[in-house]
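Undergrad: Take a look at the following structure, please.
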Amino acid sequence: MAFEGLADRLQGTIQRIKGKGKVTEQDVKEMTREVRLALLEADVNFKVVKDFVKRIRERAIGQEVMESLTPGQQVIKVVRDELTELMGGEQSKIAVADRPPTVIMMVGLQGAGKTTTTGKLANLLRKKYNRNPMLVAADVYRPAAINQLETLGKQLNMPVFSLGTEANPVDIANQAIEKAKEDHQDYVIIDTAGRLHVDNDLMDELQQIKANVQPDEIFLVVDAMTGQDAVNVAESFNEQLEVSGVVLTKLDGDTRGGAALSIKAVTDKPIKFAGMGEKLDELEAFHPERMASRILGMGDVLSLIEKAQDTVDENKAKELEEKMRSATFTFDDFLEQMGQVRNMGPLEDIIGMLPGANKMKGLKNVQFDEKQLSHVEAIIQSMTKQERQDPSIMNASRKKRIAKGSGRNVSEVNRLLKQFEEMKKMMKQMSNMPKGKKGKGMKFPFM
Amino acid sequence: MSFFKKLKEKFSGDETKQETQSDKYKEGLSKTRSSFSGKINDLVARYRKVDEDFFEDLEEILISADVGVATVMDLIDELKMEVKRRNIKDSKEVKEVISEKLVDIYYGEEAEDVEQLNLNQNGLSVILFVGVNGVGKTTTIGKMAHQLKEEGKKVVMAAGDTFRAGAIEQLDVWGERVGVEVIKHNAGSDPAAVIFDGIQAARSRGADVLLCDTAGRLQNKVNLMNELSKVKKVISREIPEAPHEVLLVLDATTGQNAMSQAKTFSEATDVSGIVLTKLDGTAKGGIVLAIRNEMSIPVKYVGLGEKVTDLQAFDAHAFVYGLFADMMEEDTP
Ligand SMILES: Nc1nc2c(ncn2[C@@H]2O[C@H](COP(=O)(O)OP(=O)(O)OP(=O)(O)O)[C@@H](O)[C@H]2O)c(=O)[nH]1
Ligand SMILES: [Mg+2]
């Protein structure tokens with residue numbers, strides 16, 4: 001895993017404080033320094049980080065942290081609170097025009113994901129709000145951009161308006177609106193060409209489209225992997241077009257996504273949706289509080305639980321939850337669990353969402369790929385029933401036998417046993433959490 | 001010899017070709033340069049003394065260029081040591097040390113001709129393009145096809161992105177634009193099969209270079225990365241020393257995630273070089289320094305726009321020259 005999360009970063013300071021039993025201003029300074037580094041590594045713009053850290057320092061130097069028994073956790077809490085506040089509440093509403101059609105304009109840099117997002121948004125409008133969107137191909141510059149949108153239209157079985165590559169994007173937009181009125185399409189989504197925010201001619205073109213069609217929404221589409229430049233891009237697009245919201249794309253990647261914070265801080269416009277995959281139904285409402293955790297490297301627990309809920313068999317999950325609580329979780333359960341986890345998709349995705357996956361010794365160095373999984377499976381399958389139920393009976397000769405049976409070596413067997421213990425410990429901790437905190441369906445046994 | 005002198009010598013030499021190239025860089029990177037070295041100049045003007053504040057601001061300048069926290073920290077540490085060792089008090093003097101260190105980071109121990117494309121001089125060369133979604137793979141292929149063709153090479157392109165809507169048509173348009181044949185299958189077909197056919201076609205046409213497009217994919221999707229490894233294996237099975245280059249296309253706008261891209265794509269396909277695109281914007285692409293430093297993958301090309309001619313061979317000296325041109329001119333008496 002590429003970067004340490006904030007919690008990992010604070011470990012050192014926290015250990016030292018534990019020894020002393022008292023928090024000094026120097027400790028706070030060190031902790032805020034780690035906060036700064038964590039945010040920078042997450043691609044939050046350095047100016048935004050500066051302001052943010054200043055606020056944290058003020059709060060942390062107050063009694064809240066210094067007098068706390070658990071200053072480390074307290075700092076994390078302060079940071080998370082502040083961050084969550086900065087990110088704002090959830091706002092995934094889409095405007096509705098008084099007189100249809102409602103017009104949405106998609107804008108952004110090249111390669112941000114506008115065309116795909118146009119398709120996804122149309123899909124969402126129909127599925128969730130029962131609307132009839134029309135897509136408009138106003139990218140006349142990128143080769144085959146029109147073709148791309150038409151293909152999406154075909155997949156969605158939705159009309160796509162195009163005048164080819166020779167027409168002027170402003171005319172295309174104007175005529176599209178007329179056509180939508182005629183055909184009683186209640187939403188019009190205009191896919192514009194990607195452009196640099198410093199390209200005056202092309203930015204001018206967007207302003208003209210805006211002046212002509214008076215859109216109800218202008219969505220700025222931004223790649224979640226964007227670095228420090230995100231502030232320039234967002235500021236510039238917003239200044240020139242007054243965008244109404246932001247869509248963050250490619251969040252299914254492993255980026256921390258600090259750009260989200262930068263964009264919010266400089267534009268104060270809500271991030272409304274998140275692109276979570278290449279398929280047309282992979283557009284989700286943006287969850288600011290999850291993003292805050294993700295930027296801090298605390299794992300996207302809530303998404304993980306939701307994902308688990310979608311895939312894991314209800315009854316079996318309940319059974320497992322019970323076992324977890326009573327700490328009777330065995331290797332048999334583990335095996336079964338692995339099968340279910342596999343159904344959830346690429347393991348990296350899942351592990352990435354686990355909080356503290358970085359910190360857990362057992363998990364840290366394991367490569368979570370399919371090969372590794374089959375090794376684990378082989379090891380467990382070489383255990384006797386008794387061993388699976390009660391790993392505490394494991395001794396050197398048993399381990400040797402298992403290693404031989406599974407074609408792995410003893411150190412691998414040891415590693416798995418250790419991981420299993422870690423996991424059980426973690427489950428126990430989590431199941432001791434008060435019910436309310438765990439959300440309504442804490443069903444994922446890894447928890 | 002000082003770094004500036006070395007550069008000056010290089011660029012005031014009588015090789016006009018180099019001059020034009022550095023001019024193009026200067027133009028393309030003018031935004032980068034003015035903001036970056038402008039900032040360093042501001043910094044130097046603001047601080048007469050080399051103290052903590054000075055280093056803190058320098059750190060910010062580098063971080064804002066996406067160089068990456070770890071690399072910046074290393075660099076600053078080294079600078080501090082150097083400043084102490086040479087007993088530098090004046091901020092003007094430190095300027096030179098900064099650029100020296102940046103070039104050091106870029107080149108490390110290696111020879112300075114790592115930017116050359118590794119092409120098979122007699123026979124077919126295969127170049128595989130990989131990268132995350134939307135970074136500019138297809139566009140770069142179009143531009144490179146044009147460039148190679150101008151050099152008198154026979155080029156064929158293979159439409160290995162069978163996934164994204166319109167991807168095949170996009171490459172087709174580029175094929176028409178630059179007059180190069182595109183080998184393609186239907187949308188949704190096996191990319192490895194397309195590339196296989198590409199190789200057969202390139203062979204039978206007696207082509208010099210085959211450029212292989214692939215679908216954009218996020219590096220944490222294990223299945224998709226495996227698919228890419230398979231494509232590479234198919235190429236190597238046909239021609240043992242191929243692919244002659246695996247070029248990872250990186251978007252200069254990308255932040256720290258580019259490092260993870262470089263690592264994971266390298267694991268899957270053994271990346272041999274980087275194409276850094278969209279340098280015509282305001283992003284600085286500083287992460288390539290970190291990638292070079294940690295993984296020693298060289299940048300081979302830069303993308304400076306959407307036109308067919310907007311692809312330039314990367315030359316680190318020109319790159320650094322572009323970054324520091326203002327400072328150098330100041331140095332000249
Ligand atoms: N300004 C600028 N735009 C570029 C550059 N290179 C590519 N682009 C644009 O970036 C967008 C995406 O480029 P593509 O070539 O389609 O990217 P790709 O990596 O093939 O994308 P996928 O196949 O969808 O993964 C297009 O609009 C290109 O015109 C560059 O150097 N500068
Ligand atoms: Mg492409």
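Cβ coordinates are placed from backbone N, Cα and C, and glycine is handled just like the others.
Heads up, here are the entries from TrEMBL:
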BINDING   B:131-138, B:213-217, B:277-280  GTP binding site
COMPBIAS  B:9-28  compositional bias 'Basic and acidic residues'
DOMAIN    B:298-311  domain 'SRP54-type proteins GTP-binding'
REGION    B:1-28  region 'Disordered'
Undergrad: Ligand 1 is in the model; which of the binding-site residues B:Gly134, B:Lys137, B:Thr214, B:Arg217 have a C-beta less than 6 angstroms from one of its atoms?
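TA: Checking each Cβ against ligand 1, the ones under 6 Å are B:Gly134, B:Lys137.
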Undergrad: Fewest neighbouring Cβ atoms within 10 Å: which of the binding-site residues B:Lys137, B:Arg217?
TA: B:Arg217
Undergrad: Quick one: of the binding-site residues B:Gly131, B:Gly134, B:Lys137, B:Thr214, B:Leu279, flag those whose CB is under 6 Å from ligand 2, and say none if nothing qualifies.
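TA: The qualifying binding-site residues are B:Lys137.
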Undergrad: For the domain 'SRP54-type proteins GTP-binding' (B:298-311), report the average pLDDT of the model, please.
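TA: Taking every residue in the domain 'SRP54-type proteins GTP-binding' (B:298-311) and averaging pLDDT yields 93.
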Undergrad: Is it possible to list how many residues within the domain 'SRP54-type proteins GTP-binding' (B:298-311) are helical, extended or coil according to DSSP?
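TA: Secondary-structure composition of the domain 'SRP54-type proteins GTP-binding' (B:298-311): 0 helix, 6 strand, 8 coil.
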Undergrad: If you run the three-state DSSP split on B:Thr214 (GTP binding site), which class comes out?
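TA: Looking at the DSSP assignment, B:Thr214 (GTP binding site) belongs to a strand.
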Undergrad: Provide the three-state secondary structure of B:Leu279 (GTP binding site) computed with DSSP.
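TA: The three-state answer is coil.
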Undergrad: Under 8 Å Cβ to Cβ from B:Gly134 (GTP binding site), same chain, six or more residues apart: give me those in sequence order, or none if nothing qualifies.
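TA: In sequence order, B:Gly216, B:Asp251 meet the Cβ cut-off.
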Undergrad: Taking Cβ atoms only, which of the binding-site residues B:Gly131, B:Gly134, B:Lys137, B:Thr214 fall under 8 Å from chain A?
TA: B:Gly134
Undergrad: Would you mind checking how many other C-beta atoms are within 10 angstroms of the C-beta on B:Gly131 (GTP binding site)?
TA: 26
Undergrad: What number of additional C-beta atoms lies within 10 angstroms of the C-beta atom of B:Thr214 (GTP binding site)?
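TA: Summing over all protein chains shown, B:Thr214 (GTP binding site) has 29 other Cβ atoms within 10 Å.
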